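Asker: From TrEMBL, for reference:
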- A:6-33: transmembrane segment (TRANSMEM)
- A:45-62: transmembrane segment (TRANSMEM)
- A:68-87: transmembrane segment (TRANSMEM)
- A:99-116: transmembrane segment (TRANSMEM)
- A:136-160: transmembrane segment (TRANSMEM)
- A:192-214: transmembrane segment (TRANSMEM)
- A:226-251: transmembrane segment (TRANSMEM)
- A:258-278: transmembrane segment (TRANSMEM)
Ligand SMILES: Nc1ncnc2c1ncn2[C@@H]1O[C@H](COP(=O)(O)OP(=O)(O)OP(=O)(O)O)[C@@H](O)[C@H]1O
Ligand SMILES: [Mg+2]
């Protein structure tokens, strides 16, 4: 294998992992920005998305696109219920909302353990084969993850920037009281925003299920990564989440290929510490924000 | 017709409004003058539904609205340009205006109103893609008024639109309030510490002191009143 191929594959791997981080971080930051909930259970929705995908795609033999959609929809709908039942009572109460999310994470993880058992299950690749471009060979399944992730992020971007619902979400995030006098009912915005956030986590989980294996414990790492990305990119910033996620994925991948996995782990914390010291509001975050 | 009868509003232990009554006919300009902390903002918040009146009644065309949430009152034809402008700072000027039309289903009418607002405030058109937080104070005030107008209100509540603005901008805002009132046939409830401006503009005015409406009359009557001249006009 030539150096060119190694470099290209490192980049593809980095973008794939980065795309997953972006999906996780956008959902996380969206929920925080709009509802002021630090959702420690975010990764559990990734885990549920991965399980739904594994069962529908692998056990039931449903086509891959429908299986991904099933994971996204099941988790999105459960997000509506979770927002209403668990987070609504803590509106405007960041600390207790955070504690509630920790409780939810425990319940979801142990629930999955009870129902699905502890042993990891592997899921077959969604597509086989490779593509060749410019004399370099890429794995088709990894390119698919990158492509599907990019489409989802673009769709979310268009929703947030170009629709009235997107404006309503931003208005509630920036000034909830004044959003009310535009005629926006936060109680209608919250469940949809939360559902969107966890649906993105489910998409990440479904896309990663064939790459890693699926077990009740897989949610923790992506939650941590979402935290890291959001610190790098800036809390509440969607472009920041995209930049931070891709950056983190690429750096991890490069350090892992050319140095070692340990260096890759150290590298991400060095970046976090550097950002916190030099630009505590994140690369694309807003400097001042009211408490 | 908007009728406020004997409302009282308390925030915890603070009594912000004790006894406020006022009437606003369709198409009228009514102002509410009073010094710092008199309860002007709280009165507007009670009318739009951002504060709850524990006492009294608020009616719109005879129908009680004081149990309704703010978004529902906006749907019935009330809009607020809040104290301190409160534009959405990270949204563009255009998005601020569009979000003002959130409850409207007549896309074409909303588009026509957008053009009309850009005609009133050409600077907003020039800066339509700029984020609202980067505008000057006067421009933000224009945006706050424009955003409220995008709801196509019957009653527009304006909380201190002249505060902190240069005299030349205040003149412009005065002119535009008049134009909005005549062109769009929208009634205006104007809260001002600048009593001179408010009384010049209004058909009817109320004086608010320590949470209660104590005096009212036409703008001209209050401008001529010795008490008002001494207490609010500094002459
Ligand atoms: N959210 C609140 N919580 C507690 N007290 C409040 C609150 N808002 C207003 N108050 C109090 O209620 C009283 C009336 O306030 P309000 O803001 O209505 O006055 P105002 O006439 O608008 O004054 P200004 O000219 O300074 O804007 C004041 O004593 C104020 O301190
Ligand atoms: Mg006030």
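Just so you know, the numbers here start at 1 and follow the chain as drawn.
For all residues, glycine too, the Cβ spot is worked out from N, Cα and C.
Just so you know, TrEMBL annotations are computer predictions that nobody has curated.
The model shown is predicted, which means the values in this text are computed figures rather than measured ones.
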Asker: I need to check the long-range neighbours of the transmembrane segment (A:226-251): which residues 6 or more away from its ends have a CB within less than 8 Å of a CB in the stretch?
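Answerer: Answer is 11, 13-30, 32-33, 42-43, 153, 156-157, 160, 173, 264, 267-268, 271-272, 275-276, 281-286, 289.
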Asker: Counting Cβ pairs under 8 Å to the transmembrane segment (A:99-116), which of A:45-62, A:68-87, A:136-160, A:192-214, A:258-278 comes out on top?
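Answerer: Selected stretch: A:45-62, with the most Cβ pairs under 8 Å.
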Asker: Which listed range (A:45-62, A:68-87, A:192-214, A:258-278) shows the maximal number of Cβ pairs under 8 Å with respect to the transmembrane segment (A:136-160)?
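Answerer: By Cβ pairs under 8 Å, A:192-214 leads among A:45-62, A:68-87, A:192-214, A:258-278.
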Asker: Who are the long-range neighbours of the transmembrane segment (A:45-62) in its own chain, taking Cβ under 8 Å and residues 6 or more past its ends?
Answerer: 24, 27, 68, 70-72, 74-75, 78-79, 108-109, 112, 116, 121, 123-124, 126, 198, 201-206, 208-209, 214, 216-219, 222-223
